[in-house]
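Pulled from Swiss-Prot:
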- 23-37: compositional bias 'Low complexity' (COMPBIAS)
- 1-42: region 'Disordered' (REGION)
- 209-243: repeat 'PPR 1' (REPEAT)
- 244-279: repeat 'PPR 2' (REPEAT)
- 280-314: repeat 'PPR 3' (REPEAT)
- 315-349: repeat 'PPR 4' (REPEAT)
- 350-384: repeat 'PPR 5' (REPEAT)
- 420-454: repeat 'PPR 7' (REPEAT)
- 455-489: repeat 'PPR 8' (REPEAT)
- 490-524: repeat 'PPR 9' (REPEAT)
- 560-594: repeat 'PPR 11' (REPEAT)
- 665-699: repeat 'PPR 14' (REPEAT)
- 700-734: repeat 'PPR 15' (REPEAT)
- 770-800: repeat 'PPR 17' (REPEAT)
- 1-77: transit peptide (TRANSIT)
Amino acid sequence: MDGALFPHKPPYPIQSKRPPPSQSSNQSIKFSSATLHLPPPSPPSFPLDSLLHHLVHLSSPPPRHSNSAAARFPSLEVSTDSSSSKPILGIEIENERNGSLKLLCKKEVVLVNSIVEQPLTGLSRFFDSVKSELLRTDLVSLVKGLDDSGHWERAVFLFEWLVLSSNSGALKLDHQVIEIFVRILGRESQYSVAAKLLDKIPLQEYLLDVRAYTTILHAYSRTGKYEKAIDLFERMKEMGPSPTLVTYNVILDVFGKMGRSWRKILGVLDEMRSKGLKFDEFTCSTVLSACAREGLLREAKEFFAELKSCGYEPGTVTYNALLQVFGKAGVYTEALSVLKEMEENSCPADSVTYNELVAAYVRAGFSKEAAGVIEMMTKKGVMPNAITYTTVIDAYGKAGKEDEALKLFYSMKEAGCVPNTCTYNAVLSLLGKKSRSNEMIKMLCDMKSNGCSPNRATWNTMLALCGNKGMDKFVNRVFREMKSCGFEPDRDTFNTLISAYGRCGSEVDASKMYGEMTRAGFNACVTTYNALLNALARKGDWRSGENVISDMKSKGFKPTETSYSLMLQCYAKGGNYLGIERIENRIKEGQIFPSWMLLRTLLLANFKCRALAGSERAFTLFKKHGYKPDMVIFNSMLSIFTRNNMYDQAEGILESIREDGLSPDLVTYNSLMDMYVRRGECWKAEEILKTLEKSQLKPDLVSYNTVIKGFCRRGLMQEAVRMLSEMTERGIRPCIFTYNTFVSGYTAMGMFAEIEDVIECMAKNDCRPNELTFKMVVDGYCRAGKYSEAMDFVSKIKTFDPCFDDQSIQRLALRVRENLES
């Protein structure tokens with residue numbers, strides 16, 4: 001192995017030995033805090049105050065109006081600038097262009113003008129003041145008049161007032177008014193407004209037309225009110241009017257979004273066939289989208305094959321939906337075959353087609369290939385859009401390739417593709433993970449200048465970034481600021497909070513937030529369960545994790561690849577290797593789909609448990625499915641081979657890194673140094689360290705600890721102290737592992753006086769010795785037969801650390817007595 005392996009990176013040393021310097025040259029080097037150039041403790045890694053200040057400043061809270069519909073119905077966030085952006089009507093019947101306005105009588109024209117002249121905040125009071133006049137007016141014509149004149153928001157506020165009056169018994173709503181209202185809000189995509197107001201209307205008392213019912217079904221689907229949609233659909237079939245093809249497509253969408261409803265979807269399809277309704281592209285794409293959400297690859301392929309066998313010719317929309325199935329699962333080979341079939345059938349690919357291909361590559365770990373799709377699209381005359389770029393940027397961020405992500409972001413802007421809020425959120429997330437707060441602030445400003453104000457998802461991103469141990473107070477603060485800026489939590493927010501508290505190690509807060517979520521009217525979904533699993537994975541509580549999985553299944557939810565990945569993490573953290581094996585066997589038996597993420601987690605779980613055989617099996621399984629390992633996988637395999645002295649296999653991993661065109665990172669070189677240290681070639685390890693110091697990959701604490709460990713194992717304590725001095729000169733503070741390595745080295749050499757120097761140095765530098773520190777010293781005395789010295793050392797532990805645990809001292813004293821008696 002030589003420098004040719006990675007020609008553009010720090011070369012590996014070719015020197016096999018380096019004679020130690022003469023002892024006389026090292027006499028002056030002594031372990032002492034006076035010889036160490038310790039830097040001050042690092043500041044907090046995430047300066048939240050400054051970042052939060054900018055986010056609050058840039059966030060524009062949604063307007064609140066005490067007398068508007070939004071005040072009584074928080075979901076009624078319709079446009080509030082209509083009074084300034086729309087001209088006030090001075091309606092003259094004879095020259096009005098809108099046909100419906102010509103039908104208004106003079107009294108109704110005056111009323112329309114009066115409504116238009118009122119500020120939105122004063123509409124409720126105005127309606128109350130002209131209540132008797134409104135009740136004598138043709139309300140259908142009045143609502144149409146407001147809508148046709150461009151003031152649909154005022155028509156909605158009028159309808160809201162009518163609903164309140166109807167509930168108080170002052171009037172009976174006309175079914176035509178409801179139909180017009182539903183059409184207006186459907187046209188304007190105001191589904192949450194529609195769903196909120198419709199909850200106040202006893203729909204069972206009205207018979208509406210099929211178009212209105214279909215729009216209401218769509219509103220329920222968009223707002224997650226699936227049970228209401230299903231009840232309404234069943235009532236339509238029982239009472240009329242008969243559902244149309246569009247209605248059936250909407251109810252298919254309802255079942256697809258609701259989840260765990262594949263049999264019901266098949267039942268709806270059979271019902272459509274029995275009524276002679278021919279499937280269109282929306283039917284097919286909706287069914288395939290349902291498969292994508294649930295990971296139903298086999299069902300999707302069977303449904304698509306059946307369609308074609310019946311003579312159906314898929315169009316771009318249907319093919320895109322099929323691509324989404326494979327894209328979500330990361331099965332890029334199937335996605336490529338779909339793209340090939342489209343070309344063979346002369347079916348034009350659009351930006352959505354390529355976006356799904358990008359998603360497939362990303363899910364399979366091929367971020368470079370995903371970026372290559374952008375060039376492919378351009379050559380074929382299809383311009384990549386914000387979704388395309390955002391998907392790849394997010395993939396780079398998750399792979400730890402922040403610089404590539406930022407480079408692509410700026411290339412996106414240069415190409416004339418305007419980033420959207422999702423793009424900025426992805427960039428903010430990857431910058432936050434690396435604590436690059438100054439760049440985050442610049443990105444927030446850039447976001448605002450491009451007309452993308454921070455939204456709820458931006459705040460959710462900020463909450464997620466606070467999910468580190470000990471940062472639960474920061475989570476609380478960000479959540480308070482989020483609400484003060486007018487962003488009420490949605491289900492995604494609650495899921496993010498549960499996950500963030502879990503990562504902070506605050507399982508109590510995570511459970512509390514789950515309770516708040518249900519009280520707020522949000523039902524748990526797969527993401528919620530995964531957030532709970534994430535909290536349990538941090539603690540290794542695999543028993544509770546298994547209960548969560550059982551609860552999911554009992555409620556009809558199908559655990560996803562994320563669910564099983566988190567269970568693997570639970571087992572790994574909890575040391576339950578048999579649990580890892582059970583999931584591995586289910587994957588091999590075909591019960592769980594072997595996605596890129598799941599197999600990657602399987603390998604990492606085995607690595608965490610130091611299970612060599614399990615890691616090798618997972619690595620073989622990973623490559624068997626055609627997935628591309630990332631540097632985390634390669635580094636894990638390199639490390640476990642090194643730990644087990646399997647140097648030929650370790651060199652094979654290094655060769656695979658080169659063949660895959662990947663760049664070794666600092667973790668790779670740290671593992672390589674560890675390999676040399678384990679072989680006793682500490683000088684080679686130092687050569688790599690010296691080369692790293694001159695490269696862009698600057699050595700870290702692990703790098704120096706590894707070389708120090710090598711020298712200590714060889715008894716070259718003066719060289720180890722020299723490395724420690726160089727480390728601190730570079731601004732890297734030693735940790736407990738560093739000090740314990742010196743204790744171990746001095747103990748092996750019988751240099752007990754120096755050990756006390758190390759412990760005193762630890763105390764001076766705010767690094768408390770742990771039980772292992774003292775245990776190594778006690779064992780060293782015992783091995784040397786110095787039992788009385790060992791007991792003397794135990795008796796003065798409190799002088800080194802007055803807060804050291806009494807039970808630990810008793811255990812150490814017992815250890816000395818047991819050694820003496822053996």
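Cβ atoms here come from the backbone N, Cα and C positions, even for glycine.
In the repeat 'PPR 1' (209-243), helix, strand and coil residues by DSSP number 27 helix, 0 strand, 8 coil. When pLDDT is averaged over the repeat 'PPR 8' (455-489), the result is 79. Scored on C-beta pairs under 8 angstroms, the neighbour of the repeat 'PPR 11' (560-594) with the top count among 280-314, 420-454, 665-699, 770-800 is 280-314. Helix, strand and coil counts from DSSP across the repeat 'PPR 2' (244-279) read 27 helix, 0 strand, 9 coil. Per DSSP, the secondary structure of the repeat 'PPR 5' (350-384) breaks down as 26 helix, 0 strand, 9 coil. Distant neighbours of the repeat 'PPR 1' (209-243): 178-179, 182-183, 185-186, 191-192, 194-195, 198, 203, 250-251, 253-255, 257-258, 491, 523; these residues of the same chain sit at least 6 beyond its ends, with a Cβ under 8 Å from one of its Cβ atoms.
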